[in-house]
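The following features are taken from TrEMBL:
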{"type": "BINDING", "residues": "L9, G10, L11, G12, T13, V14, G15, T16", "note": "NADP(+) binding site"}
{"type": "BINDING", "residues": "K105", "note": "NADPH binding site"}
{"type": "BINDING", "residues": "E190", "note": "L-homoserine binding site"}
{"type": "ACT_SITE", "residues": "K205", "note": "active site, proton donor"}
{"type": "DOMAIN", "residues": "350-425", "note": "domain 'ACT'"}
Amino acid sequence: MKPIKVGLLGLGTVGTGVVRIVEGHQEDLTNQVGSPIVIAQILVKDRAKARNIQVDASKLTEDPWEVVRNPDIDVIIEVMGGIGQTKEYILEALERGKHIVTANKDLMALHGQEILAKARDKGCDVYYEASVAGGIPIIRTLIEGFSSDRITKIMGIVNGTTNYILTKMSQEGAAYADVLKEAQDLGYAEGDPTSDVEGLDAARKMTILSTLGFRSHVSLEDVSAKGISSVTQEDIQYAKRLGYEVKLLGIAERQDDFISVSVQPTMIKQSHPIASVNGVFNAVYVHGEAVGETMFYGAGAGELPTATSIVADLVAVVKNMKLGVNGRQAQLSYNVMKLKTDEQIASKFFLLLHVEDRAGVLAQIAQVFSDCDVSIESVMQPSAPNKMSTEIIIITHEASKASMNKVLGAFEGLAAVRKIKSVYRVEG
Ligand SMILES: NC(=O)c1ccc[n+]([C@@H]2O[C@H](COP(=O)([O-])OP(=O)(O)OC[C@H]3O[C@@H](n4cnc5c(N)ncnc54)[C@H](OP(=O)(O)O)[C@@H]3O)[C@@H](O)[C@H]2O)c1
């Protein structure tokens, strides 16, 4: 049996896991695909670096072109990260007829269409299961499992770092800055956490999920993103009193021919299954017109969970090779859907206001909502923090962001409203 030869770009956390799984599960893999799988060459930045795994030193190279231009290699597994140069390596490998498996959400969110188009032209496969929610097979599920249904909503906790921070804040009453520091010390958060905590990482993953779920191309610029850096302990405690948890949710919705995709800290009803997804775990909730509610839960990152998805992709590529059907994946973005602007996205809202503590204030506030055509679901007045002002919590019925912005604008000019403390989207 002629072995299938793999070129591995990167031998960090995920690359090490890929080597472990390919070597440790060799017998199972050979039985499934009908050939041994061999990691023939490995790209690293520094060959002299100490590794967590023993590999034949002669397989290591610091020259990317040596791997992508190696005529013996059938499949490239890209687990080096990066965007610009990495795209060049992948396009070159495709040009030479090699199939690609990648874990790179940044690359797929930004250049996925170009890479997939090139793959189609060259009759090659590109699989990228590990790029969203690490060990959860959500991409395959959206493409295959939902092929007969029409997805109306996808909600994802797709960033483990922010979910870890919000869980700690909720369960231990800790402050945002303290938990972020702890997450950095434990290696759950990067030294520069901006991409995670400001929602950009989640937005990139939602770009991929919504493109697949709605079968319509969504670009990163179409996804409005807000992170968790302004979430306070006070907001979380109020949410809990009202029966909600605060989660960083990516939310993609479809209404007729319109779709919307956004990422924001959201108050989600505690009874919703996604509200109980805690710590570094990820989950993706998918609602299909026919199937109803489904949810997929698991490890969103880590050496072996991520490598499991990558090697499963490798198995799919090799099976396609055996059948001679590489590059025949159907065109997935065949719908042309209109995108709602951020202002058109509708949801329920939570507002926490500091207002003057005197008669008639509530009536003035209610009038603003009425003037802006936003109806109120409930109002709560917790105990007053000081004698001069009091807090009011309002949950609205569904309203567009444009209407909500009008309400907030009107409050800016209303003397009775001392401060708009927090505004959250509400789900569930
Ligand atoms: N970590 C996870 O749990 C996870 C989960 C899902 C997806 N991903 C994605 O998987 C990819 C890899 O993540 P990782 O955590 O494994 O990263 P990592 O630990 O930093 O490893 C990166 C590897 O790539 C090599 N490398 C990087 N730039 C290079 C260059 N310019 N030339 C040659 N080699 C280069 C590094 O070489 P040296 O070892 O010599 O430095 C290292 O072996 C990223 O796209 C990430 O977003 C990661």
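A Cβ is built for glycine as well, from the same backbone N, Cα and C atoms used for every other residue.
Other residues of the chain with a Cβ within 8 Å of the Cβ centroid of L9, G10, L11, G12, T13, V14, G15, T16, the NADP(+) site, are L8, G17, V18, V79, M80. Secondary structure counts, DSSP: the domain 'ACT' (350-425) has 23 helix, 31 strand, 22 coil. A distance of 23 Å separates the Cα atom of K205 (active site, proton donor) from that of T16 (NADP(+) binding site). Other Cβ atoms within 10 Å of the Cβ of L11 (NADP(+) binding site), summed over all protein chains shown, number 25. Counting Cβ atoms from all protein chains shown, L9 (NADP(+) binding site) has 26 others lying within 10 Å of its own Cβ. Cα separation, the residue listed as 'NADPH binding site' to V14 (NADP(+) binding site), rounded: 14 Å. Reported as a whole number, the C-alpha separation between E190 (L-homoserine binding site) and G12 (NADP(+) binding site) equals 15 Å. Among the recorded positions listed (T16, E190, K205), none has a CB atom closer than 6 Å to any atom of ligand 1. Here the Cβ of K105 (NADPH binding site) has 22 other Cβ atoms within 10 Å, regardless of which shown protein chain they belong to. There are 17 other Cβ atoms within 10 Å of the Cβ belonging to T13 (NADP(+) binding site).
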